[in-house]
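Colleague: Sharing the feature lines straight out of TrEMBL:
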{"type": "TRANSMEM", "residues": "21-40", "note": "transmembrane segment"}
{"type": "TRANSMEM", "residues": "52-74", "note": "transmembrane segment"}
{"type": "TRANSMEM", "residues": "81-99", "note": "transmembrane segment"}
{"type": "TRANSMEM", "residues": "105-126", "note": "transmembrane segment"}
{"type": "TRANSMEM", "residues": "138-159", "note": "transmembrane segment"}
{"type": "TRANSMEM", "residues": "214-235", "note": "transmembrane segment"}
{"type": "TRANSMEM", "residues": "300-328", "note": "transmembrane segment"}
{"type": "TRANSMEM", "residues": "340-358", "note": "transmembrane segment"}
{"type": "TRANSMEM", "residues": "370-389", "note": "transmembrane segment"}
{"type": "TRANSMEM", "residues": "395-417", "note": "transmembrane segment"}
{"type": "TRANSMEM", "residues": "429-451", "note": "transmembrane segment"}
{"type": "TRANSMEM", "residues": "457-480", "note": "transmembrane segment"}
{"type": "REGION", "residues": "488-510", "note": "region 'Disordered'"}
Amino acid sequence: MWWDERVSARFRRNLQPTLTYWSVFFSFGLCIAFLGPTLLDLRCQTQSSLSQITWVFFSQQFCLLLGSCLGGVFKRTLAQSLFALFAASLAISLVFAIIPLCHNVVVLAVVMAVAGLAMGCIDTISNMQLVKIYQKDSAIFLQALHFFVGFGALLSPLIADPFLSDTNCILSNATANASSNLPHIRKSLVPHHPGNLSHYDLPMKGMVVTHVSYAFWIMALINLPVPIAVFFLLYKERMVPCFNSSSHPLLSADELAMETRPAEKDDLSTTVQRPQTARGHDDLFSCCQSKNFRGASYTYFAVHITGALVLFMTDGIVGEYSGFIYSYAVEEPLSVVHKVAGYLPSLFWGFITLGRLISIPVSYRMKPATMVFINVVGVLVTFLLLLIFSYSVVFLFVGTACLGLFLSSTFPSMLAYTEDILQYKGCATTVLVTGAGIGEMVLQLLVGSIIHDQGSYSFLVCGMIFGGLAFTFYAFLLFFHRMYPKPSSDTDAASPDKPAVMDDTGLYQR
């Protein structure tokens, strides 16, 4: 195997929880990408205008951000985390099943808001729990985690595609004229962000003809094994009522010897009995309490802030690029035909998924700090080349693929790097997830307004600026890392930037 026996033993011992968290992130990906291609059929189902139906995007994205902030509330114990993941993954299946029954756009927006809350909780809790389990070895498992969200994001549009209407799904006298706009409109409704569709006129009254309900029911069935997997993990951990009295199995002698470093002299029984309520990985509101700041140096705050700003920029680039690359390609000077330009968002997400798959073995051989450096430099150079060759359609496709590869592993690598700096005792996971979510929302809105005022060329200029800012913030993070106090044997466990000795046994404790 391409990893050492110690990591392999830890993975085998934590196989079920690890696979469960990966599967839950598949639910996240499945839910995040279906809305774009199905939105026109949902418009017909709710008999609403394009401007009304696009508010569904906002309700999902806003509540995803809110759910990311609130997700840390449920991580105080393993039982709370698993029950929250069970409820969130089950809610996503229920959302898929309920969407075909929503015949009012307000009801649909509320249902998608529930889905957003569930997705936000999944995002925060899954990242936190994997970091807790693997700590210094978490980078490779975080890369795999984020591969599954990309896999789900690729799968849901493929499931929906056979059931999408080829012509306008509201039959009226204006159907023939309106249907000619459908290819352009549908390609503009890519994941995360709808384009400017106010100048398109589609009929709102007439007979509704759509079969998209079957796609949602299929996705509900595909997602159903995920909450079942979480329930089985709850059952295994004796957290289901009437099964919570049994004790956990002990480690085997071989696993114990492999996990315990010879130089360490900590008593294992003391480590096992250490309470789960130790500081670290608080929710956003707990992180902001003044008692957590006592004794913290300025570098403690600087690491959190600069790490979040890097992801604010890079995740913002993911959102704005996937949302506007089609609109940029069909405008002058490129004037790519609509059918060809429609492949660009799929190419971008495809290479993000491929990059996350490649990053799984690479992250074991390469430090997270090095991977983030390669990512941010690659994004900056790619945007620079896209600006230089802005008249080349071929390089637009090449650059889109390269950008997807460089952005693919940024989030998990940054999370592993920042948590490693803070010795897994800060609020890095919560702060970084929240910063990434805010960036994805804010930069989409910002770039959309800039393109509307300045023209399509500003799309690449904005990307270049955001890439430059990401590199700048990462340089500051490296500087603060060098300034951050190194842990010592007599470290005060009560101080945020002076963590207690870590539990390296890899125990999956309650």
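The backbone N, Cα and C atoms fix where each Cβ goes, and this holds for glycine too.
Curation plays no part in TrEMBL annotations; they are all automatic predictions.
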Colleague: Other than its close neighbours in sequence, what residues sit by the transmembrane segment (138-159), given a CB gap under 8 Å and a spacing of at least six beyond its ends?
Modeller: 3, 7, 11, 18, 21-23, 25-34, 36-37, 126-127, 130-131, 191, 215, 218-219, 222, 346, 349-350, 352-353, 356-357, 359-364, 368, 371, 408-409, 411-413, 415-417, 419
Colleague: Between the stretches 21-40, 81-99, 105-126, 340-358, 370-389, which wins on the count of C-beta pairs under 8 angstroms to the transmembrane segment (429-451)?
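Modeller: Stretch with maximum Cβ contacts: 105-126.
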Colleague: Does the transmembrane segment (370-389) come near the transmembrane segment (214-235), with 3+ Cβ pairs under 8 Å (pairs 6 or more apart)?
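Modeller: No, the stretches stay apart by this measure.
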Colleague: In the same chain, which residue numbers or ranges, 6 or more beyond the ends of the transmembrane segment (21-40), come under 8 angstroms Cβ to Cβ?
Modeller: 53-54, 56-57, 60, 85, 88-89, 92, 95-96, 112, 115, 118-119, 122-123, 126, 129-130, 144-146, 148-157, 159-161, 164-165, 169, 182, 185-186, 189-192, 194, 212, 215-216, 219, 222-223, 225-226, 229-230, 349
Colleague: State, in range form, which of 52-74, 81-99, 457-480 has the highest count of Cβ pairs under 8 Å to the transmembrane segment (105-126).
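Modeller: By Cβ pairs under 8 Å, 52-74 leads among 52-74, 81-99, 457-480.
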Colleague: Would the transmembrane segment (214-235) count as touching the transmembrane segment (81-99), if touching means at least three Cβ pairs under 8 Å and pairs must be 6 or more apart in sequence?
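Modeller: Taking Cβ pairs at least 6 residues apart, the transmembrane segment (81-99) and the transmembrane segment (214-235) are in contact, with 3 or more under 8 Å.
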Colleague: How about the transmembrane segment (300-328) with the transmembrane segment (52-74) - do they touch, taking at least 3 C-beta pairs under 8 Å (6 or more apart in sequence) as contact?
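Modeller: When sequence-distant Cβ pairs are counted, the transmembrane segment (52-74) does not touch the transmembrane segment (300-328), since fewer than 3 lie under 8 Å.
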